[in-house]
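Per Swiss-Prot, the features are as follows:
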BINDING   C55, C57, C90, C93  [2Fe-2S] cluster binding site
Amino acid sequence: ALNVSNQDIAAFLGGLPEAKMHCSVMGQEALEAAIFKYRGIEVEHHEEDEGALICSCFGISEPKIRRVVIENGLTTVEQVTSYVKAGGGCGSCLADIEDIITAVIDEKETTAARIAAEISEAQIRKPLTNVQKIALIQKVLDEEVRPVLIADGGDVELYDVDGDFVKVTLKGACGSCASSTATLKDAVEAKLRLRVLPTLVVQAV
């Protein structure tokens, strides 16, 4: 149940109009909070209150808008308003929301282009030795994975490398987050497979 996303909820209901997608977001957050409370686990909140306030009408910050845009692949201001209500009041923040969306899209395109170039380069490289593989894994974790997790209150540490199995320790918010499995696969394993070897498997210890 902890792996249920707002998109899963919307799909289970047979699809929701965009104007009602904020209900699925609220439902997912409520489900997560209820499960954590039942298990006696303190809920790890996203660091939304520490970012710049974008929509004063509904109290929505820049980090929350960025997170929702990234997680749901949003491309328009109207979609953001449907998902988190930001921009649905006085409208003075619409330009700021558009800037956030543009920045996220630009980042994705830049990352995709860089990854494509790196994959092409990797295809002509000689096979990595164990020492080279471990060093490259550590480099990718330090430079590309950890900064993203730290920004969201978490962290990851390389524990061991056994063949193609990369063992890591999740820390901070990532250690108790309901989405820790998704973090391993999407944020850590996917990045290492692209940057180091496509056969790597990441495991938490």
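Every residue number used here counts from 1 along the chain in the order it is shown.
Just so you know, glycine gets a Cβ as well, placed from its N, Cα and C.
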Query raised in the report: Per DSSP, to which secondary structure element type does C55 ([2Fe-2S] cluster binding site) belong, with helix, strand and coil as the options?
Result: strand
**Report entry** Of C55, C57, C90, C93 (the binding-site residues), the residue whose Cβ has the fewest other Cβ atoms within 10 Å
**Finding:** C90
Report task. Determine which residues of this chain, when C55, C57, C90, C93 are set aside, have a Cβ within 8 Å of the centroid of the [2Fe-2S] cluster site's Cβ atoms, and list them as they appear in the sequence. Result -> I54, S56, F58, I60, A86, G87, G88, G89, G91, S92
